[in-house]
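Participant: Look at Swiss-Prot and you will find 514-527 tagged as compositional bias 'Basic and acidic residues'. For Asn86, Asn102, the entry in Swiss-Prot reads N-linked glycosylation site, with the evidence type sequence analysis. Residues or ranges marked as phosphoserine by Swiss-Prot: Ser4. What Swiss-Prot records for 1-20, 145-158, 202-212, 258-327, 376-386, 433-471 is topological domain 'Cytoplasmic'. Annotation comment: Swiss-Prot describes 42-123, 349-354, 408-411, 493-542 as topological domain 'Extracellular'. Residues annotated as transmembrane segment in Swiss-Prot: 21-41, 124-144, 159-179, 181-201, 213-233, 237-257, 328-348, 355-375, 387-407, 412-432, 472-492.
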Amino acid sequence: MTFSEILDRVGSMGRFQFLHVAILGLPILNMANHNLLQIFTAATPVHHCRLPPNASAGPWVIPMGPNGKPERCLRFVHPSNASLPNDTQRSMEPCLDGWVYNSTKDSIVTEWNLVCNSNKLKEMAQSIFMAGILIGGLVLGDLSDRFGRRPILTCSYLLLAASGSGAAFSPTFPVYVVFRFLCGCGISGITLSTVILNVEWVPTRMRAIMSTALGYCYTVGQFILPGLAYAIPQWRWLQLTVSIPFFIFFLSSWWTPESIRWLVLTGKSSKALKILRRVAAFNGKKEEGERLSLEELKLNLQKEISLAKAKYTAADLFRIPMLRRMTFCLSLAWFATGFAYYSLAMGVEEFGVNLYILQIIFGGVDIPAKFITILSLSYLGRHTTQAAALLLAGGAILALTFVPLDLQTVRTVLAVFGKGCLSSSFSCLFLYTSELYPTVIRQTGMGVSNLWTRVGSMLSPLVKITGEVQPFIPNIIYGITALLGGSAALFLPETLNQPLPETIEDLENWSLRAKEPKQEPEVEKASQRIPLQPYGPDLGSS
């Protein structure tokens, strides 16, 4: 008997499982708001220099730019006498008296004047937020192994609620950035624990469906954010609105049970048995739960216990040539996906289309993208799907370089297509990486992969700063990186209908150029298949 069969005995997909997935899914729905929040809280409105004291408005004060609109960062030097020389002979100066913003909505940009020479601080704030997700994954992943999944989940809810609320009351920009960093740490802890607890408590046959449902919670969250931002024009109130629900999630998380596998592996089998019996009673199978014994539970988790005792590190990912090649190619694919994804997801403002409508479109494209991904993974395979997703995304981003700014519709279509391809890439990578790495080192491999996508998402906003040198440079960098990631995926083996490797030595028996996938009995395939997890970019394993 396996743990899956024990799960069947206590209710399989009963009331507990549906409530469990719902409790885990609601925070994910709201987590998308935090992840993409700076699209609206850091929006940069049209602006120009504030007039000097006692100066009258007019073209003799604010010069006109090449586009026929007032310059955003320069003004004419105001003469001390009443005479006004010819515009072509006048010198210009920075906005010494601040700026005037043509918007009824406020943001961190308008409050702290993050424009002109200070506009780099806006991108830096997003990078520091992403750095929080990166550091949180490294620190909280280790703490989760030591103290359990549920305590980390509960503390992460509280951390995100408190730091998000703190950001809403930040008196200065540096304080705001610190709180956003802590928000990133909280998001990482929520992601890590949610994925593990969702997969563990759902039977094998339902994991793909429930994982898909949980993934779509993130997608739905992308629809909610524009509505909230439109209804709440003040960035502080918007920040507070998306943070307060996590205080409620903090309280509800006390109902969430701990990972049974973690309890058994850490010598807390008695507590694990009590939880299983509680779940059985909740599902109307109290008698089945009472018949479970400690010896039976330990016996059926003996394999997990044995694997846990075998300690592997990131260095083992480079032990044999095939594993080294896989790790390099997967790392590049993960980096490219995170790097390019956030170039589009956080660049909604650049396409000259209504910010709220475009964000809804950007969120909506994930729905068909993930559905097409599921079909492609099942019929074309992981290798083809992964390579195609990144290559097409890279091509779309590079094409943006050659489309004039006035062709807004064409640029928007390319951006939406590219974002859909990158969403597809994320969905594929979660499954593909899990299938490629052997069981004994799978968690380590997923952790390293997650690290690289966080590095990519952290560097992505900083690359936008290169646009001040030449506007086309960022898209060139994003596009080429995506193409490199897609090219790297071409060197990975196909895993469709292949048995999952248990040990590192099993990889040495794999043929890199196997043309015909081995057909297996459906029952055997179901027991080996790792479910597709078409989550958002921040719902991966760590």
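Please read every residue number as a count from 1 along the shown chain.
Using N, Cα and C of the backbone, Cβ positions are placed for all residues, glycine too.
Here the structure is a predicted model, which means the values were calculated and not measured.
Would you situate these features in the structure and describe their surroundings?
Facilitator: With a 10 A radius on its CB, Asn102 (N-linked glycosylation site) counts 9 other CB atoms from all the protein chains.
DSSP assigns Ser4 (phosphoserine) to a helix in the three-state reduction. Ser4 (phosphoserine) has a Cβ environment of 15 other Cβ atoms inside 10 Å.
The predicted model assigns the topological domain 'Extracellular' (42-123) a mean pLDDT of 76.
Taken residue by residue, the topological domain 'Cytoplasmic' (258-327) breaks down under DSSP into 53 helix, 0 strand, 17 coil.
Within its own chain, the topological domain 'Extracellular' (349-354) has Cβ neighbours under 8 Å at 39, 43-44, 405, 408, 411-412, 415, counting only residues six or more beyond its boundaries.
Within the chain carrying the topological domain 'Cytoplasmic' (376-386), a Cβ under 8 angstroms from the stretch's Cβ atoms is held by residues 333, 424-425, 428-429, 431-432, 435, 486, 489-490, 492-496, 517, 532, all 6 or more beyond its ends.
Each residue in the topological domain 'Extracellular' (408-411) gets a DSSP state, and the totals come to 4 helix, 0 strand, 0 coil.
Away from its own ends, the transmembrane segment (21-41) comes close to residues 107-108, 122, 125-126, 129, 157, 160, 164, 183, 187, 190-191, 194, 197-198, 202, 210, 213-214, 217-222, 224-226, 228-229, 235, 238-239, 242-243, 245-246, 249, 252-253, 255-256, 345-346, 348-349, 355, 359, 363, 536-539 of its chain (Cβ-Cβ under 8 Å, at least six residues beyond either end).
Distant neighbours of the transmembrane segment (124-144): 38, 42, 108, 152, 156, 173, 176-177, 180-189, 191-193, 196, 342, 346, 447, 450-451, 454-455, 457-462, 538, 542; these residues of the same chain sit at least 6 beyond its ends, with a Cβ under 8 Å from one of its Cβ atoms.
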Participant: So are the transmembrane segment (387-407) and the transmembrane segment (328-348) touching or not, going by 3+ C-beta pairs under 8 A with a sequence gap of 6 or more?
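Facilitator: With 3 or more qualifying Cβ pairs, these stretches touch.
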Participant: So if I exclude everything within five residues of the ends of the transmembrane segment (181-201), which remaining residues of that chain have a CB under 8 angstroms from its CBs? That is, six or more out.
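Facilitator: Sequence-distant neighbours of the transmembrane segment (181-201): 7, 16-17, 20-21, 24, 27-28, 31, 34-35, 128-137, 139-141, 144, 149-150, 152-153, 155-157, 159-164, 166-167, 207, 210-211, 214, 246, 256-257, 259-261, 279, 531, 533, 535, 538-542.
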Participant: Could you give the Cα-Cα distance between Ser4 (phosphoserine) and Asn102 (N-linked glycosylation site), in whole Å?
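Facilitator: That separation, Cα to Cα, works out to 60 Å.
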